[in-house]
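Enquirer: Sharing the feature lines straight out of TrEMBL:
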- 384-398: compositional bias 'Polar residues' (COMPBIAS)
- 366-398: region 'Disordered' (REGION)
- 13-32: transmembrane segment (TRANSMEM)
- 44-68: transmembrane segment (TRANSMEM)
- 88-107: transmembrane segment (TRANSMEM)
- 161-182: transmembrane segment (TRANSMEM)
- 202-222: transmembrane segment (TRANSMEM)
- 229-249: transmembrane segment (TRANSMEM)
- 290-308: transmembrane segment (TRANSMEM)
- 323-343: transmembrane segment (TRANSMEM)
Amino acid sequence: MRNTCSHCACFDILLTLAGFILYLSDIVLDIWKIWLFYQEGSYILMGVLIFLFLGSPVLLQIFSWLLYADYKDKPKTSVDIFLNKHSLLVIFHVFQLGIFVRFASVVEISVRRLLGRDPIPEDTARHLKHDLFFVRLVETFSESAPQLMLMLSTTFMREEIGLLTGLKTAESIITITLNVLLYHQAMRKFIHDKSKMGWDSAVVFFLWNLFLITARVASLALFASVLPFFVVVHFLTLWILLVLWAWQQQTDFMDGPGGEWLYRATIGLILYFSWFDVNDEKTKLKSNIYHVLTMLDSGLLIGLWWWMRVYNTSSHSPCPLDLLVPISIIVLLYSSGLALKFVHDTWLRPKKPELVIDHPRAHRGDVEEASSGERQVEAEVDSVQPTPRSMSLTPTTEPLTGVKKRMSVMAANFYS
């Protein structure tokens, strides 16, 4: 057991440090690319990259602060205790350093667990890790995916790829891959039998996400390379519709109305690039409809790109070979991604498992086995096991709020 815990702690540290290194490298590459665009006189591209460079971190800091504000009990890591004691947590978020606080807290948790010295309470550790994973997921679709789209569209416009553009493209793809993997690992912690979601499930999960996200981003990049201003209209139109759809789904993720609308706006951004479960009702049907509409939309964008390229070139052939290459790659990615998604959802993901949000800790007694074979926990417990509305719910004395509510909603939606 000790070796297993040590291995898990080492793995958590490596993943967290990898995410931190990617986060820093992203900042360095962004500044470098902005300077290169300035030297080239590409002021529009420079402006777009500056907007992404500044806008995404602001969104991350707002979410990070709102998630901290939802805690009933303040986190007990040394980093959080120090910042709260000196009232520095708000200042760190104002100066765009909140994400570094979260990285430091999660690393401290893993190091303490590895050394076995004064470990952080399990509930606190899970809460902080969950919120970091969620913030990194927001980063994936507010910064990494748009930047990947910008780098690809630049490559398609210039028909060449420079060293820095290649590095930035690779960094965006790696960041998307890592954050999708972290999201899968976070969802895995909510089920009793972890073997039901092993590494085969993780690999297939991040592959189908990577293939579909890359295909979607490439389709948008092709369109942006010939009609750059129209892609802004396309985004705003779909984003508004997707936010309204999230509102119609009656999402209930954050505690306050302001935070909930920010969450819905972020969901609209995520859905522009990839599918994301927002509730636990008819998710398979909604997912199928979404992917059909996304393929039709991407097909329309590729068709417009094809028409503009053929119309603006001297080629008399309606099917130039150089135009078939990116289309073939996108079609291959889409079909492979959908096939892997079907495999994952059919055989590699548990169907409505019993969810564990916090480890139950009874104060006056242990868990007893009822005659019906169902487990019952003594009245005084620190945590509950929320499940989707379609599952049988464990009775609770008070509604879930804060991080437990967020964990419950995400897990219920993922396994619905």
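Placed from the backbone N, Cα and C atoms, the Cβ positions cover glycine too.
Keep in mind that what you see is a predicted model, and the values were worked out from it rather than measured.
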Enquirer: Can you say which of 13-32, 161-182, 229-249 has the most Cβ pairs under 8 Å with the transmembrane segment (88-107)?
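Expert: Answer is 13-32, with the largest number of Cβ pairs below 8 Å.
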Enquirer: Do we see three or more Cβ pairs under 8 Å linking the transmembrane segment (161-182) and the transmembrane segment (44-68), pairs being at least 6 apart in sequence?
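Expert: By the criterion, they do not touch.
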Enquirer: Which range wins on Cβ pairs under 8 Å with the transmembrane segment (202-222): 13-32, 290-308, 323-343?
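Expert: Ranking 13-32, 290-308, 323-343 by Cβ pairs under 8 Å to the transmembrane segment (202-222) puts 323-343 first.
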Enquirer: So if I exclude everything within five residues of the ends of the transmembrane segment (44-68), which remaining residues of that chain have a CB under 8 angstroms from its CBs? That is, six or more out.
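Expert: Hits for the transmembrane segment (44-68): 30-31, 33-34, 37-38, 89-90, 93-94, 96, 98-99, 101-102, 131, 134-135, 138-139, 142-143, 146-147, 150, 154, 228, 254, 256, 259, 262, 266, 403, 406.
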Enquirer: Quickly jot the same-chain residues contacting the transmembrane segment (229-249) by Cβ under 8 Å, restricted to those at least six beyond its ends, or write none.
Expert: 220, 223, 264-265, 267-269, 271-272, 278-279, 297, 301
